[in-house]
Each structure stands twice: as C-alpha cells, then as structure tokens.
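Annotation source TrEMBL lists domain 'Major facilitator superfamily (MFS) profile' at 41-488. If you look up TrEMBL, you'll see 37-66, 106-124, 130-152, 164-182, 194-217, 295-317, 332-355, 362-382, 394-422, 460-484 marked as transmembrane segment.
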C-alpha cells in the first residue's frame, strides 16, 4: 500500500492532471486550438532571418563575379565572405542590451534599418574597400536580427508549440538562402559590373518590408513584466496563449521570475529585479550556479558545433565544391546550388513539424549522425575525383548527393534546434545576454570557417577538409548526448530545473517534475503495481 508521505506533491499533481485530462476527453470542444495570433507574431519576428539567409546565399554566387570584376585574390574573397560573421557579434552584443532597454519589437525595427544601409552601400560599391565598408553595416544589422528573432519568438510562444514557432527563424533563413541562390542565377545573365551589384543591393528590399511589418506585433510579455507594465503583459498573454488558464499560469511564472508578488494585480508596478543587464555578466562568468553554468556551457557548445561542422563552407562555397566535383559550367554550378537551397528549405520545413513531437534531443542526435555520414561520403568522393585523371560520373553524382544529404540533415536538426534550444534554456534575467553570447560564438565560428575554407582545402585538399569536419561532427555528437537534456513540453521557467547535474535525468524523474504526460504514465504504472 502506498503511504501518503511518498511523493505527496507529485501525487496531487498527477490527480489534478488526470482530472483535466478526463474533462478534456469528455468535452473535446474545450480543447484549445493553436493560437493563430502567436503564430502570426512569430512569423513576423522570424522574417528578420531572411536578411542573413539572403546575404549567405547571394554571396556564394556573387563572389565569383566580384573576383572577376575587381580582380581580387582567393584570400580577399574568403575575408569578404567571412568578415560579416565577425561583424555580427558586435550587433548581437549591442542588441542584447538594446532589447532590454527599448524592447524586443523596436530592436527588430532597428535591425532592419541597419541592414538596409549595408545593402545599399554594397550595391553601389565602386571597389573592394567600399564593399568591405558596406558589409560592416550589413553584419551589425544581421547581428541584431540573429539575436532578437529567437528571443522574441521564444517569449511569445505557448510552450506546446514553442519548438515549432522558435524554429521559424531558421525556416526563413533557409528561405533567404534559396532566394539568394535564385538571385545569383537570375542576375548572372547581366553585364559583369552590374550583375553582382544588383545581387547585393536587392537585399535592401526585405529589410524595408520587415521594419514596417513588425510594428504590428505586440511587445514581449516577459519584457513588459520586467518593466512593471503588468496590465499590458496580461492583455498580450491572453492573446498569445492557447487558453485563459495557460495565460494565468504563464503570468504567474513570469511574475515569480521578476520578483512580483502573485497577489499583485496593478497595471503598473515597481519591479525590483530589473533586467538591464546589471549583474548578468557576473552571474554568467564569475559566480554562476551549477544550473547556470551547465546552461551556459550547453549554449556555447551547441552554437559552436552547429558551425564548426562546416555548414557555411558548404553553403558559401557550393559553386566551388561543384567545380571540384567536375562541373565546369557556371550555369550548371549555379543551378546545382539552387538545388542545394531548395533541399535545405524543404528540410527545415519538415523539421518544424517534429520539434514539438519527437523532441529536441532525438532530432539533434539523428541530425548530427547524418552529418557525419554525409561528410565522410563527400570527403571520399571529392578525394576520388581529385586523384582521378578522367571524369568519373559516379563520383560527381555521389558528391552532389552528399552535399544535398548534408544540408538536409543539418536543416532537419542541428540548424533549427541550435536556436530553439539556446533561446529557451536561459532564465529570463539572463536570456538576452546569454543568447547574445551564443550568437557571437555562432557567428565567430562561422566567420572562421568561411575565412579559412579555401586556404584549408589548398593545405589538406578539399576531401581532407570534409574529413576534418566529419571528425568535428563526431565530437559534437558526444557533446550533445552527454550535456543536453530534453526541453520539449516544459515552460521556460521550468527548464532551468533540468540543468545543473551535467548529465541527463532518467525519464521518470524528469516526468515527476515537469512533464504531465509522463506523470500520468508513472501514475498508471504505480496504481497497477499496487493492485
């Protein structure tokens, strides 16, 4: 017989959850629908990722024509491609503080404005130096967008669909890459001096549209509560939650995090725990709790490995990879690159529908396993082509298939989950700065890969470069398996409890704390054993 002193709180929670489950089963009309308003807000915020995606995609082809027109070296092209990723952390760090000052929504507007300036400068560049100047502004604008889109989306999303909605920035990033590839193919038919400038300058158009569209979005409720604007936060929560009960629970969690008493219902309150970033760096670096230390390491690691496995080398230099594989025509290389963008975009769309079903951890591990296999295949096929005196059609086909497989497996897991995971694991007081640091690691690693790939392939051959990336992916798999607990189905305020032990909790233990579905299964098993 089960005594009352055994897990009394868990039994109460189980009973309440079972009651709610039975009521929903008996009254299916009461079950909440997906919140269309939250979905629309997430789409608008996520569209900022188009800016980065377009720049990555368009530079892969534009670099070919820039090199021919401006007569620059491979090293200068490497710097041109990668430098924007070293500029963007500047934008991310500024955006972390700015988003706490002026709010998430106006920070998105500012991101679009800065990128607009960069796109115009690049489109009118008369020489290499001026082009680099324009890329500074574009990089800072991308840094703003890179930070704020996943932060805003994670804070606006209901927990049941947070994975899907927070993955939308990666969806639009891939869409931007595809548009950039198509722009390459279309403008490549124009005169040399005009074509690449139009490729880069057209990027100003989406930045204008995004800057205007986001003005229709509400502010993040978590930011509003942090500012003491409780009345506004309530109204936003009732709009973006899937039920009134969920809105009340989310408000209670946010009030607890912000240090506001639960019985306080004033529209405007004085908040003692302001999130301007004061003390954040001390808590992250000098005196972190075990949970915060674990979260910080997890965020840095997932961002580092997302880029260190070579995604930007494949996306930025796919025309050169296809040339090494044996495709000599510019037209065919650009068409093959469009195929890469298409596969990448379709794959990310598939991933969004499984993030809240399969979970982050399973998809991530499967994705990295696919990366290892694809990179080994690509390295092998390119090595065979490189040592062959004649064109081997099977090796050319295998190289193309390996590239498509690589971008597909990356987009199914590692790409979207990196941003979903890192934006949801930080507690509110650390979120903006924590995500900013993760974004900086992501961009710096990406910049290093982009700025060294051509030199790396010259030093150890192009096949050797991809064998190296495969080794990094194997280390990434071990890191993810060891240090990243599952976060699916948990509120942002509950996730922190999953960290701190540097090892994954057993599923039953996780369920007792956080997951209602597992609680119900545990209850049924307990009752069965008693009978």
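All residue numbers here begin at 1 and follow the chain in the order shown.
Every residue gets a Cβ built from N, Cα and C, even glycine.
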For this session: Find the member of 130-152, 362-382, 394-422 that has more C-beta pairs under 8 Å to the transmembrane segment (460-484) than any other listed stretch.
Result: 362-382
Exercise. Hey, would you say the transmembrane segment (295-317) packs against the transmembrane segment (106-124), going by three or more CB pairs under 8 A that are 6+ residues apart?
Worked result: no
Exercise. Are the transmembrane segment (194-217) and the transmembrane segment (394-422) close, by which I mean at least 3 Cβ pairs under 8 Å that are 6+ residues apart in sequence?
Worked result: no
For this session: Would you kindly list the residues that approach the transmembrane segment (130-152) from elsewhere in its chain, counting only those six or more residues past its ends and only Cβ-Cβ distances under 8 Å?
Result: 45-46, 48-49, 51-52, 55, 66, 70, 79-80, 83-96, 98-99, 104-105, 107-108, 110-124, 166, 169, 200, 203, 207, 220, 419-420, 422-423, 431-432, 435-436, 439, 442-443
Seminar exercise, completed: Ranking 37-66, 106-124, 164-182 by Cβ pairs under 8 Å to the transmembrane segment (394-422) puts first 164-182
Problem set entry | Mean of the pLDDT scores, which run from 0 to 100, over the domain 'Major facilitator superfamily (MFS) profile' (41-488) | 85
Problem set entry | Residues from the same chain, set at least six apart from the ends of the transmembrane segment (164-182), whose C-beta lies under 8 A from its own | 38-39, 42-43, 45-61, 149-150, 153-154, 156-157, 199, 206, 315, 334, 337-338, 340-342, 344-345, 347-349, 351-353, 355-356, 411, 415-420, 423-424
Seminar exercise, completed: Sequence-distant residues near the transmembrane segment (106-124) by C-beta distance (under 8 Å, 6 or more away from its ends) are 45, 48, 51, 91, 95, 98-99, 130-131, 133-142, 144-145, 148-149, 152, 197-198, 200-204, 207-208, 210-211, 214-215, 217
